[in-house]
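Trainee: As annotated in Swiss-Prot:
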- G66, P67, E68, S69, S70, G71, K72, T73: ATP binding site (BINDING)
- 331-355: region 'Disordered' (REGION)
- 332-344: compositional bias 'Acidic residues' (COMPBIAS)
Amino acid sequence: MAKDERQAALDAALKKIEKNFGKGSIMRMGEKVDTQVSTVSSGSLALDEALGVGGYPRGRIVEIYGPESSGKTTVALHAVAEVQKQGGTAAYIDAENAMDPKYATALGVNIDDLLLSQPDTGEQGLEIADALVSSGAVDILVVDSVAALVPRAEIEGEMGDAHVGLQARLMSQALRKLSGTINKTKTIALFINQIREKVGVMFGNPEVTPGGRALKFYSTVRLEVRRAETIKNGTDMIGNRARIKVVKNKVAPPFKVAEVDIMYGQGISRTGELVDMAVEKDIINKSGSWYSYGSERIGQGRENAKNYLADHEDVEDEVRLKVRAAYGISDVPEEDLPTTEDEQINILPDDSTEE
């Protein structure tokens with residue numbers, strides 16, 4: 001077949017596809033109006049930098065997993081607060097029935113506007129998620145957690161009954177249905193997950209996440225949250241140092257790490273991560289135990305430097321702008337970013353194996 005004939009056949013096929021499935025169902029990638037990944041800040045400057053694109057990508061699935069009390073829910077609630085600050089709508093599916101309104105409020109979440117569901121079964125929770133995403137009016141959806149999405153058959157059965165693979169099949173079916181809708185509606189879907197240990201594993205990592213393999217494949221970003229150390233004020237424990245590792249990233253290089261202070265009752269310490277990032281870029285100078293900004297000493301010890309920035313908002317804002325510029329994190333608000341409703345990027349699993 002000659003080159004002209006091949007091109008004519010291709011053009012005819014493209015016209016037929018657009019006629020059958022609508023304009024925008026197929027296009028050359030260079031013809032897309034916007035190729036920039038649209039994002040929303042995670043609420044943590046250090047995590048935004050680790051994600052590589054300045055936050056969570058819109059229209060994608062994100063998995064946050066880790067041990068108990070490591071800070072997974074805190075990370076998710078900060079993202080909810082950021083979406084609400086920009087005037088967006090947030091929904092929270094609390095399958096664990098453990099939402100603390102007081103703590104959420106302390107993190108900046110407007111609980112009056114937060115859509116909350118506490119489903120009875122896994123099927124119900126995922127149906128609610130599908131309905132919310134399909135509406136196109138929800139900017140971020142949090143499912144807390146995948147491990148708590150118990151299939152109806154297990155709820156209605158007897159204790160001790162074997163239900164092999166039920167949850168994995170449920171998640172696989174749900175994600176096949178949800179992934180395309182999430183992409184088209186530009187919803188950020190955050191799935192919080194726990195970890196389990198395989199019995200009898202002698203070599204390698206015995207830790208696995210519940211719900212089968214489907215979520216691993218469909219996720220654009222996977223974050224591993226672990227508690228690194230305890231933060232103390234004298235003998236009092238006032239928080240945890242959390243290590244957030246980007247173990248999978250389809251929109252930027254993976255394996256970057258963000259370390260943040262999660263203070264009890266307050267969430268992620270913005271001044272703590274700001275001090276660390278500013279020191280790394282020599283915006284704040286550290287000599288011995290003393291921290292100084294310009295010609296002024298701002299504290300002896302990291303905690304005192306954090307307190308200084310918290311007490312001097314003008315200095316904090318100035319340092320934050322310099323840090324964002326040094327790390328190349330955009331200052332453009334989300335609403336000012338170019339968007340397109342016709343953008344069609346399929347979220348395909350990495351592998352055909354889903355369970």
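Heads up, the Cβ atoms here are built off N, Cα and C, so glycines get one too.
If you look at the structure here, what lies around each of the features I listed?
Mentor: Counting every protein chain shown, the number of other Cβ atoms lying within 10 Å of the Cβ of T73 (ATP binding site) is 24. Under DSSP, T73 (ATP binding site) is assigned to a helix (H, G or I) in the three-state scheme.
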Trainee: Far apart in sequence but close in space: which same-chain residues, 6 or more away, have a Cβ under 8 Å from E68 (ATP binding site)?
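Mentor: Result: Q194.
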Trainee: Can you tell me how many other Cβ atoms are located within 10 Å of the Cβ belonging to P67 (ATP binding site)?
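Mentor: The answer is 14.
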Trainee: At a 10 Å cut-off from the C-beta of S70 (ATP binding site), count the other C-beta atoms across all protein chains.
Mentor: 23
Trainee: Of all the binding-site residues given, G66, S69, G71, K72, which has the fewest Cβ neighbours within 10 Å once its own Cβ is left out?
Mentor: S69
Trainee: Can you name every residue in this chain, apart from G66, P67, E68, S69, S70, G71, K72, T73, with its Cβ inside 8 Å of the center of the Cβ atoms of the recorded ATP site?
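Mentor: The answer, listed by sequence position, is V225, R226, R227.
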